[in-house]
Number of protein chains: 2
Amino acid sequence: MANCLVAQSGGPTAVINASLAGVIRANQLNPVYDRVFGGIHGIEGVLEDKLFDLTDLPAREIDILKQTPSSALGTCRYKLKRGNDTDYKRLVEVMDAHSIEVMFYIGGNDSMDTVDALSEWAAANGVAKRFIGIPKTVDNDLVPVDHCPGFPSAAKLACQITHATRLDYDAYTRPEVFVLETMGRDAGWLAASCCATGDVDLLVLPEVDFDKDAFLAQVQAKMDATGECYIVVSEGAHYADGTYISAGESANDGFAHAVLGGAALTLKQMIVDAGIAPRGVVQDLSRAARSSNFAQSLVDVTEAYELGLSAHMHSARPGFTGQVVGIAPRTDLSAPYNPVFFAGPASQFANFVRTFPEEWILPDYQGITDEALAYFRPLIAGEPKIIYENGMPATIMPFNKR
Amino acid sequence: MANCLVAQSGGPTAVINASLAGVIRANQLNPVYDRVFGGIHGIEGVLEDKLFDLTDLPAREIDILKQTPSSALGTCRYKLKRGNDTDYKRLVEVMDAHSIEVMFYIGGNDSMDTVDALSEWAAANGVAKRFIGIPKTVDNDLVPVDHCPGFPSAAKLACQITHATRLDYDAYTRPEVFVLETMGRDAGWLAASCCATGDVDLLVLPEVDFDKDAFLAQVQAKMDATGECYIVVSEGAHYADGTYISAGESANDGFAHAVLGGAALTLKQMIVDAGIAPRGVVQDLSRAARSSNFAQSLVDVTEAYELGLSAHMHSARPGFTGQVVGIAPRTDLSAPYNPVFFAGPASQFANFVRTFPEEWILPDYQGITDEALAYFRPLIAGEPKIIYENGMPATIMPFNKR
């Protein structure tokens, strides 16, 4: 009887472990594989034969794994490059040593490209190994899906911090601006999602070249009208020439790239220097938003888990390789939310970046359209029942630390 | 029949509105006062006669008020200075105009000093008005209490972010340090509380003069031993001469005080410059930690609410003025948690700063003692049942925005 391998790659999320839990649990419900091995630290550890036997993980641990943020197997930034026969052969050697026929890889664009490359290479070289992808990324930038597991929970936490800090900001009378910075180097999905709470006055995305004068005019208009201006900026916001906001203006001392909340800090200083407000508050979400378990979206954790189940189920079919499972794009955003699962070629998931749609962006930094709000709202709906221990959401000991 | 007034002052917290809810609800349970007025934007708005009638706030709104972060009445930084007869007389004028006999003031050290000063002045001038304090502060720096409402929830959120970011950090193999910065200019309570999760390798507090060489030696030792070093620093950490960490070293360009996460950033750069780790990740909690409703401590929200009830109940006794309600210091930290409520003279609450006890600090930045852990753990215990709407914890429209 053959075994399978599951590994995680890229940046951790709030629900990447739920997909892992799905694969493990599916095999307990239908033992297609004799053993389910976890690869420690992604492909990097697998090449070093670092595996952990997950087959018989107790149900209670699986439940807690689903609510454990970050990557419980450990992650890596190591990329399996196309044409790297040495790594490919070593991988097959490790798989053979453990009678592993199928590898599930949970990750973002790069990992889906790895799934594509490995399955191509296996076919070309008559190697009877199969490779299946399960997507995750807080950036939400994969092309063929409606959204990507990990993003809804990051968005839900970002929305909660947006609303809480807006209330904090609103409690004061003194004139100041508030600038919140989110992750999002190339795509503004996370920053845009903050608008779902109705708290954002101005939104600065990487999808729109930054125009300082036009932006400051809008800040002035908000301050004139209400005495307040709550701004959300994506870390990747940039000028027309590609220069990041965080690299210019007041932070032009070469220190900027190391500065936490660089874009937010720069916008705040820009506003103060222009005399629009005497001061400002800056909040950077940074790492805190991407893999927490105190604001998981029920939709997200459920889908991540079910994608793990789905990948395992599909894998029972011989010849199923080079495929990735996902949630199909919604055709009608006004219809009740009803996610449709599908599997498609990994090549469609790799090497493309889906930016936030231009037609969903209101002009003059005014936020997002109603259609965009209709897209976001169901994703952040619902809260899982979290198991607490000693006042903290329970988490499992990561497998890479055992 | 006389009326009462309740107002909020200083920095918002996660539960300052629960104390407000307690005052409102107490008067519904026992209508000692005909009307309960809320002062908009603290004493600043009261002097301008900006009041909001809270007497008949529906029970459902009171429930949601309890879980609404920030100051629902709005806050101010305006200080009623001792000997400022003009302001005092104007305050009495406003109170008279609305038949207000008692004022409840929810705030930190300064507000408790205001309660003390006003009650003294009223006694000296034969003014039949009474002033009662309800404490709050995320800094936890009031002297005569075990802890201060607002702090446990801030600590609980800080602990959750500590654990989540530690898991995120642990997922990687690459050598880097992680530095988390918390609020806490003069006292290190919030930074110290992060140690309750067992995730902190090194802790840098304002209570211990910073010694760069000694600190770097500890970072080196942790990196040598485990390849990891997770550091928590309080924003107020400083050298023996009083210079803030955030003002020195790599951030010595005068830009530092504007830099978000200045202390964390400086420590990270210091470690990189010393060649101990090639890189580091910095996370600043800033505003996000102090007034959120997605990580309220059940102990905290319950106590804040009950302190509101208690203040109202005490106020039914004629002559009760210049007093503040609070939770008495625990005498045995190993006993089951059982908060004891008391009322004491406002003078004991004002003008003193309780720093984190030196005897609870381990040497060489190694964190805190078991006794300190025993102090923190019950405070972050339990989670209130949060009412959600559209995927977000429900909040009421702030009174200062109605």
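These residue numbers are counts, starting from 1, taken along the chain as shown.
Here the Cβ of each residue, glycine as well, is placed from N, Cα and C on the backbone.
Please treat TrEMBL annotations as automatic predictions, because they have not gone through curation.
Copied from TrEMBL, the annotated features are:
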{"type": "DOMAIN", "residues": "A:4-242", "note": "domain 'Phosphofructokinase'"}
{"type": "BINDING", "residues": "A:Asn109", "note": "Mg(2+) binding site"}
{"type": "SITE", "residues": "A:Asp110", "note": "site 'Important for catalytic activity and substrate specificity'"}
{"type": "SITE", "residues": "A:Lys136", "note": "site 'Important for catalytic activity'"}
{"type": "BINDING", "residues": "A:Thr137, A:Val138, A:Asp139, A:Met183, A:Gly184, A:Arg185, A:Glu235", "note": "substrate binding site"}
{"type": "ACT_SITE", "residues": "A:Asp139", "note": "active site, proton acceptor"}
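With the fewest other Cβ atoms inside 10 Å of its Cβ, the least crowded of the recorded positions A:Lys136, A:Arg185 in this structure is A:Arg185. Sequence-distant neighbours of A:Asp110 (site 'Important for catalytic activity and substrate specificity') (same chain, six or more apart, CB under 8 Å from its CB) are A:Ser9, A:Gly10, A:Lys79, A:Ala350, listed in sequence order.
For the substrate site, the Cβ centre of A:Thr137, A:Val138, A:Asp139, A:Met183, A:Gly184, A:Arg185, A:Glu235 serves as reference, and the other residues of the chain with Cβ at most 8 Å from it are A:Asp141, A:Thr182, A:Asp186, A:Ala187, A:Trp189, A:Leu190, A:Ser234, A:Gly236, A:Arg290. Each of the binding-site residues A:Asn109, A:Thr137 was scored by how many other Cβ atoms lie within 10 Å of its Cβ, and the smallest score goes to A:Asn109. Neighbour density around each Cβ, counted as other Cβ atoms within 10 Å, peaks among the binding-site residues A:Val138, A:Met183 at A:Val138. The record assigns A:Thr137, A:Val138, A:Asp139, A:Met183, A:Gly184, A:Arg185, A:Glu235 to the substrate site; their largest pairwise CA distance measures 16 Å.
It is 15 Å from the Cα atom of A:Met183 (substrate binding site) to that of A:Lys136 (site 'Important for catalytic activity').
Across the fold, the C-alpha of A:Glu235 (substrate binding site) and the C-alpha of the residue listed as 'Mg(2+) binding site' stand 20 Å from each other.
A:Val138 (substrate binding site) sits 12 Å from A:Asn109 (Mg(2+) binding site), taking the CA atoms of both as reference points. Cα-Cα distance from A:Asp139 (substrate binding site) to A:Asn109 (Mg(2+) binding site): 10 Å (rounded to the nearest whole number). Remark: of the binding-site residues A:Asp139, A:Glu235, the most isolated position is A:Glu235 (fewest other Cβ atoms within 10 Å of its Cβ). There are 29 other CB atoms within 10 A of the CB of A:Gly184 (substrate binding site), with all protein chains counted.
When the C-alpha distances from A:Lys136 (site 'Important for catalytic activity') to the binding-site residues A:Asn109, A:Gly184, A:Arg185 are tabulated, the minimum falls on A:Asn109.
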